[in-house]
Ligand SMILES: Nc1ncnc2c1ncn2[C@@H]1O[C@H](COP(=O)(O)OP(=O)(O)OP(=O)(O)O)[C@@H](O)[C@H]1O
Ligand SMILES: [Mg+2]
């Protein structure tokens, strides 16, 4: 973990009168996996959307690779190298698997100066990416609306692994996945982190967090209620932080 | 349901309009004397050129999940502008350019530019101010027609310059050039929608706008472009309309909007956005045109035509609803 990849400094976000985030500060290192935990409505998804350019913070600042960072749109975040898998999936169900895999990054070849979609090339790459990840989808040309929830989530996960970047944000990426697919997903995360990519994963399943994370950050009512290394805490201690039975930041090191 | 039957059902749903067109043509040919002859078919294609071009623009916007009710009035304004500039009788001021053929690109440019401008206005309000496309374009439908009435003073322009008229008279394979322009537009925009990233993005925006935004696609820019295109294409439809009638009257093209709407929906473009393609719209246009021709041949009074068109729009929307339900069950 050499050098900080992303530093959050006192991030606040108000929705009208609702204070969703009340000053969040923590950081993510290169190749580090941070599990972001917290109860429903704690502000996890809001924080992810601020990092990925979907929402603007009310105040506070971010440093990405040591430089002032603030994405005005998801396109800017992507350009900076930040990939996101959202809690409510981001697929166009009216388009086929290949179209979704390459959404916004289509491969084209010029015909008389006009960019024409290179469907064959995109299909080949999509097939390879899905096969490598062990995802089985009968036909890459079926519209996503005909696929199961797990298959859809798998497409999104494979998409981020394929495109890589410097930081990936995963908001409950395994919610619709079966046991085997979840195991593969967790392996995928370790694999991605080993390449030096920073990972933030939101999950409600303690076991997953402890399986994959280097560090655990707990958010409670819009503030950081705990920021501890995995090896220095226990599931019980984390649950106490989530439910608020200990003081902010004072995660006991029992384990 | 087996995947085989599902595939067949989906194929039928996707191409329903072609089956309907074949069915209607077969029935008319069998029942109406004199219907089945090549002259009729070229007539159908010829009569559908203005409606066809206008339907393309409307379809583009509906595919993105929005609506453009202004296309009819935009076409009328473009036709009136071309009429006033290049007609020699009535309110026409009869501008002459030399060489004469120069009038073709200039009049075309005027017509499309007017449309594009109004399209930009619509798109800007819808996208940037997040106002309902239905309301914005309904307003444009009214005020643009108002401008047509105002600048014409209710009078008409006649005798369009022969160099421009040429497109309605000259024929290739028995079909006038103006109809070939419509066919060329369908080919061009079908390729754009099915084969280019821009077209793909419009379909995706219609399916899930949030997802496309998150994927980094410039949603606002693409949406405004779709409105600009719809406007420019409506301008082209107006240009064709001026050519066909050799001028422009204040109420030129009244009622075309509902025909275009019916053609688009019957053609398989879903009102919820993201579903359908332009080839189907052309089939929808031909279908309406076939029905109109049949009405003419049977000698029904013009008033009934309007009743039939109204029912067709209703049928089209019902069909769309029915297909959406069926698809939901297939999914
Ligand atoms: N667009 C919005 N407008 C108003 N309030 C919002 C909006 N988005 C989120 N909130 C509020 O902000 C708070 C945090 O929501 P957020 O979605 O970030 O929670 P979360 O930690 O992701 O919860 P979950 O575990 O259920 O996904 C909630 O009180 C929510 O109601
Ligand atoms: Mg959430």
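Going from the start of the chain as shown, residues are counted 1 onward.
Here the Cβ of each residue, glycine as well, is placed from N, Cα and C on the backbone.
Unlike curated records, TrEMBL annotations are generated automatically.
Fair warning: this is a prediction, and the values are worked out from it, not measured in the lab.
Distant neighbours of the transmembrane segment (B:12-32): 266-268, 280, 283-284, 286-287, 290-291, 294, 297-298, 319, 323, 326-327; these residues of the same chain sit at least 6 beyond its ends, with a Cβ under 8 Å from one of its Cβ atoms. The transmembrane segment annotation in TrEMBL covers B:12-32 (among others).
Annotated transmembrane segment per TrEMBL: B:44-63 (among others), in sequence order.
Sequence annotations record features per position, and here TrEMBL assigns transmembrane segment to B:75-95 (among others).
The annotation transmembrane segment is assigned in TrEMBL to B:101-121 (among others). Within the same chain, residues 68, 70, 74-75, 77-79, 81-82, 85-86, 95, 140, 144, 161, 163-164, 166-167, 224, 227-236, 238-239, 242 sit at least 6 positions outside the transmembrane segment (B:101-121) and bring their C-beta atoms closer than 8 Å to a C-beta of that stretch.
What TrEMBL records for B:133-152 (among others) is transmembrane segment.
Summarising the annotation, TrEMBL assigns transmembrane segment to B:172-194 (among others).
For the transmembrane segment (B:223-242), the residues of the chain that approach it from at least six positions outside its boundaries are 49-51, 53-54, 56-58, 60-61, 64, 66, 68, 70-72, 74-80, 82-83, 107-108, 111-120, 122-124, 126-127, 160, 164, 167, 178, 181-182, 185, 189, 198, 202, 205, 248, 252-253, 256, judged by C-beta separation under 8 angstroms. Taken from TrEMBL, the feature transmembrane segment covers B:223-242 (among others).
Per TrEMBL, transmembrane segment is recorded for B:248-269 (among others).
According to TrEMBL, the feature transmembrane segment maps to B:281-298 (among others). Counting residues 6+ beyond its ends, the transmembrane segment (B:281-298) has Cβ neighbours under 8 Å at 17-18, 20-21, 24-25, 28, 32, 34-35, 40, 43-45, 47-48, 51-52, 55-56, 59, 183, 186, 259, 262-269, 304-305, 308, 312 in the same chain.
Beyond the ends of the transmembrane segment (B:304-322), by six or more residues, the same chain brings 16, 255, 258-259, 261-262, 265-266, 270-271, 288, 291-292, 295 to within a C-beta distance below 8 angstroms of the stretch. The transmembrane segment annotation in TrEMBL covers B:304-322 (among others).
Of the two recorded stretches, the transmembrane segment (B:75-95) does not lie close to the transmembrane segment (B:172-194), with fewer than three CB pairs under 8 Å once pairs fewer than 6 apart in sequence are set aside. Sequence-distant contacts of the transmembrane segment (B:133-152) (same chain, at least 6 residues past either end, Cβ-Cβ under 8 Å): 61, 66-70, 72-74, 76-77, 80, 84, 91, 118, 121-122, 125-126, 248-250, 252, 257. Residues 38, 42, 45-46, 48-50, 52-53, 56, 60, 63, 166, 202-203, 233, 236, 240, 243-244, 277-279, 281-282 of the same chain lie 6+ residues outside the transmembrane segment (B:172-194) yet bring a C-beta within less than 8 angstroms of a C-beta in it.
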